[in-house]
Amino acid sequence: MEGIQHPIPRTVEEVFSDFRGRRAGLIKALSTDVQKFYNQCDPEKENLCLYGLPNETWEVNLPVEEVPPELPEPALGINFARDGMQEKDWISLVAVHSDSWLISVAFYFGARFGFGKNERKRLFQMINDLPTIFEVVSGNAKQAKDQSANHNSSRSKSSGGKPRHSESHPKASKMSPPPREEDESGDEEEDDEQGAVCGACGENYGGDEFWICCDACEKWFHGKCVKITPAKAEHIKHYKCPSCSTSKKIKA
């Protein structure tokens with residue numbers, strides 16, 4: 001049950017920062033922390049909600065008792081559907097509702113503090129530049145980019161590009177950050193070719209960050225998001241991300 005315990009955002013930038021923090025927490029719940037989230041959503045308990053918090057954490061709790069609530073409330077009773085459908089479909093359903101909740105909270109703040117037309121438009125554009133939680137969790141975010149990135153990764157190694165790891169390592173393609181598309185197909189595809197998306201935090205690739213690719217779902221992850229270092233990756237023959245690993249345990 002969430003009360004407003006954090007500074008109340010009043011500007012477009014502050015509302016967007018609040019949005020990103022809550023979004024990061026929800027993505028963690030539905031990806032890297034999915035086993036913990038699954039266990040907390042016991043269908044035998046009362047109506048439960050999934051809250052994303054501004055400090056990039058999450059919690060499963062009962063809804064607030066105050067009516068009307070201080071903030072819009074997320075979907076109620078997510079735990080009741082857990083055992084009535086496939087785990088992947090249930091996670092996707094929670095993700096869709098979480099996306100809706102994030103938008104409602106952001107524009108609640110906008111309405112409360114009198115955002116004008118231009119401010120609302122700028123806030124939406126900032127939010128729209130990020131993949132939705134559903135896209136991140138389902139793997140639909142930049143899916144076409146991921147496929148072309150994997151293709152270019154193998155092509156760049158054979159053509160003597162700028163490898164991050166020695167070509168003597170057969171797993172190099174799994175440990176290199178997703179390469180950006182070369183400007184071969186014209187300017188019209190530039191917006192869609194800005195880089196692959198991390199399956200944990202949903203952020204695009206940038207700088208010299210270390211990435212690793214899951215051999216099961218073929219999603220890319222920041223090493224820091226899945227707690228894998230370059231040294232540790234050298235000894236991993238077949239890497240499985242937290243979601244793929246926990247999914248197998250749940251079905252077992």
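These residue numbers are counts, starting from 1, taken along the chain as shown.
Yeah, the Cβs are placed from backbone N, Cα and C, and that goes for glycine too.
Nobody curates TrEMBL annotations by hand; they come from automatic prediction.
Pulled from TrEMBL:
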COMPBIAS  149-161  compositional bias 'Low complexity'
COMPBIAS  181-194  compositional bias 'Acidic residues'
DOMAIN    195-247  domain 'PHD-type'
REGION    141-194  region 'Disordered'
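DSSP states for the domain 'PHD-type' (195-247), grouped as helix (H, G, I), strand (E, B) and coil, give 10 helix, 9 strand, 34 coil. Mean pLDDT of the predicted structure over the domain 'PHD-type' (195-247): 80.
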